[in-house]
């Protein structure tokens, strides 16, 4: 008699990961719950999340392991985030956390300690294998309002081969309904709306102030004229309008954060747009790196609408993205540009710079 396959369910203590664990158990897997202990304090990634995850595992009658990676989280995510803001960019910690921790350290723990090579998570995304290309693909979730493929673009082929996304074909409402039907203790738990770091600190401002010394500096326009004073350049990001504290006859937006000179550059909305951008650390997902430029739909922020663009591959895992129809607003260095063909993620990379030429 063949035994049922084993799978690790990554459990944060939230409704999504809990339902994902219940679904793979229902599909016949022998499930082992694993929760990553990321930081001290209360919240979804701290003690509250671990307690809720433990209760769910008890309800599902599956074993539960807690893996203490607080030091690795500090080094891999916190330091990365702080250094990025010091440099005047807007880092994307969630994609890094997915690659390095959830499908990095967690998968390594599953293989080494549990002898399990597959991980199910509560991400809203889809994946599979294309026999024609010989590649594992990544695609948007059915629920476009909750789709998280943007944050998963950097997963390697090996990581995608080990990933299971049980919620990819479901809507958030269906997930909530199923959690209630199963009687899960987290069925009505409120959804976390912030980064786990922000949740623990109370706000992004609090988090940054705890890690970066505040230095006042100048707010200038694109010609260098001084318009006002800021309370720390790390509190500003490209495209920001609120909180500038500068009077002008037209709305002002952050055009650039000049960390080297401790300046925040502002201008009219059109001055915060770009016709192209360059990206680095490119990861090609559902297709191999092409030899020639390709057409694709590009998303330059998590909530931005995809726009038609030309992707020109560059050496050293780089690419240039030229927007075909119109300049794009608020292209922030440090964020990801992810390109799609329909629902499938073709690739993505970290935005390095943008231009209007």
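Backbone N, Cα and C define each Cβ position, glycine as well.
Binding of ATP is attributed by Swiss-Prot to 10, 11, 12, 13, 14, 15, 16, 17, 122, and the same site annotation extends, among 36, 92, 105, 152, to 36. Rounded to the nearest whole angstrom, the C-alpha distance between residue 12 (ATP binding site) and residue 196 (active site, cysteine persulfide intermediate) is 11.
Looking only at Cα atoms, residue 123 (site 'Interaction with tRNA') sits nearest to 16 among the recorded positions 10, 16, 196. Cα proximity to residue 10 (ATP binding site) (within 10 Å) is found for none of the recorded positions 97, 196, 335. The 10 Å shell around the Cβ of residue 36 (ATP binding site) contains 25 further Cβ atoms across the protein chains shown. Cα spacing between residue 335 (site 'Interaction with tRNA') and residue 97 (active site, nucleophile): 14 Å, rounded to the nearest whole number. Across the annotated binding residues for ATP (10, 11, 12, 13, 14, 15, 16, 17, 36, 122), the two most widely spaced Cα atoms sit 16 Å apart.
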